[in-house]
Amino acid sequence: MPASQPRSRARDRNNVLNRAEFLSLNQPLKGNQESRSSSRKQSGQAGAAGAQNTNPKERRQSQQLPEEDCMQLNPSFKGIAFNSLLAIDICMSKRLGVCANRASSWGGARSMINLLGITGHGIPWIAGTLICLVKSSTLAGQEVLMNLLLALLLDIMIVAGLQKLAKRKGPYDISPGLLDYLTMDTYAFPAGHASRVAMLSKFFLNHLVLAIPLRILLVLWALCVGFSRVMIGRHHITDVLSGFVFGYLQFRLVELIWMSSNTCQMLISIW
């Protein structure tokens, strides 16, 4: 037994794995284990303290960021449908702008289309209403003309306010004319000419006795004036359609606040 012990010790000495540089492979040093465990504990304590110090609002924002990114990358069905309809509206409006400039397919008819658009402008209608009001001598005529003047003024103010809110430009880069600046009709949505002719046609159909051919011509005039604005590239199709809707709503508003004959006579006397 005493002889076997020195032999085993000699074998351990001669074994290469028992050297200092290989001891960590077989048995990690206790000092290294203690340092590693202490560093892990310190890092865990620091992480826990940092988690406690973070604001709950920051935690919520960090949790919501991936969801917000997903919402941006995956738009809703309503957004896709709206963008698709908007693209179709712009494409069709550009194709129908056959009189947008002299080089267009119907460029020679641009002056005629502009003349048709002037028949639906607000300045000629206001001037004509004032002239007829001065020359009118009947109470019924003055009542109708005063309410028509009110409707025209409301149309200019409502359309100007809506255009300032929307600030939508037309399909072509066409600067407004002098009459457009006077009525503040500088943007595309809604179309001021379309709202005005819709309101006027409905007003005349309700308050004037007209034959059936004249009624049909009045409706056709309103439609032609509205879509002439698309042909010259000033408005989109949806601008004109929305203008027709707003014109009808303006007519209903005037009917609700209709001024009586006495009120009209009082205003005329003050004027």
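Glycine too: its Cβ is placed from the backbone N, Cα and C atoms.
According to TrEMBL, the region 'Disordered' annotation covers 1-66.
If you look up TrEMBL, you'll see 24-34 marked as compositional bias 'Polar residues'.
The compositional bias 'Low complexity' annotation in TrEMBL covers 40-52.
Look at TrEMBL and you will find 112-138 (among others) tagged as transmembrane segment.
Across the domain 'Phosphatidic acid phosphatase type 2/haloperoxidase' (143-255), mean pLDDT in this model comes to 91. According to TrEMBL, the domain 'Phosphatidic acid phosphatase type 2/haloperoxidase' annotation covers 143-255.
Annotation source TrEMBL lists transmembrane segment at 144-162 (among others). Long-range contacts of the transmembrane segment (144-162) within the same chain: residues 122, 125-126, 129-130, 132-133, 136, 183-185, 189-190, 192, 195-196, 199-200, 203, 207, 243, 246-247, 250-251, 253-254, 257-259, 264, 267-268, each at least 6 residues beyond the stretch ends and with a Cβ under 8 Å from a Cβ of the stretch.
For 203-228 (among others), the entry in TrEMBL reads transmembrane segment.
Helix, strand and coil counts from DSSP across the domain 'Phosphatidic acid phosphatase type 2/haloperoxidase' (143-255) read 84 helix, 0 strand, 29 coil.
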